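Single-structure report; data block below.
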Amino acid sequence: SHDEPSESSEPCCDSCDCTKSIPPECHCANIRLNSCHSACKSCICTRSMPGKCRCLDTDDFCYKPCESMDKD
């Protein structure tokens, strides 16, 4: 097994919602195939093939958008 995180597992989020509270409570609605990003503590996946997974973590920030990861 290799512990190197793949590029695709870097934490990122394209659809992040935050409450207006202080501190904000943010969660990501992104669906990823087969796994959640590497920083996700609470990940749920459907039983389909491939599994559609989303991270249920609540943070006080949003991760950077995933689309921007391909280009500098």
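Positions of Cβ are set from backbone N, Cα and C atoms, glycine also.
Per Swiss-Prot, the feature disulfide bond maps to Cys12-Cys66 (among others). For the recorded site, Cys66 (disulfide bond), the DSSP three-state label reads coil. Under 8 Å, Cβ to Cβ, and six or more positions away along its own chain, Cys66 (disulfide bond) finds Cys12, Cys13, Asp14, Asn30.
When secondary structure is read from DSSP and collapsed to three states, Cys13 (disulfide bond) falls in the coil class. For Cys13 (disulfide bond), the Cβ neighbour count at a 10 Å cut-off comes to 20, with all displayed protein chains included. Summarising the annotation, Swiss-Prot assigns disulfide bond to Cys13-Cys28 (among others) and lists experimental evidence as the type of evidence.
Taking Cβ-Cβ distances under 8 Å and a sequence separation of 6 or more, the neighbours of Cys16 (disulfide bond) in its chain are Cys26, His27, Cys28, Ala29, Cys62, Tyr63. Per Swiss-Prot, the feature disulfide bond maps to Cys16-Cys62 (among others); the stated evidence is experimental evidence.
Look at Swiss-Prot and you will find Cys18-Cys26 (among others) tagged as disulfide bond, backed by experimental evidence. Cβ neighbour count for Cys26 (disulfide bond) (all protein chains, 10 Å cutoff from its Cβ): 17.
DSSP gives Cys36 (disulfide bond) a coil state; it is part of no helix or strand. Taking Cβ-Cβ distances under 8 Å and a sequence gap of 6 or more within the same chain, the neighbours of Cys36 (disulfide bond) are Cys43, Cys45, Cys53, Arg54, Cys55. According to Swiss-Prot, the feature disulfide bond maps to Cys36-Cys43 (among others).
Residue density at Cys55 (disulfide bond): 24 other Cβ atoms are found within 10 A of its Cβ, drawing on all protein chains shown. Residues or ranges marked as disulfide bond by Swiss-Prot on the basis of experimental evidence: Cys40-Cys55 (among others).
Per Swiss-Prot, disulfide bond is recorded for Cys45-Cys53 (among others), and the stated evidence type is experimental evidence.
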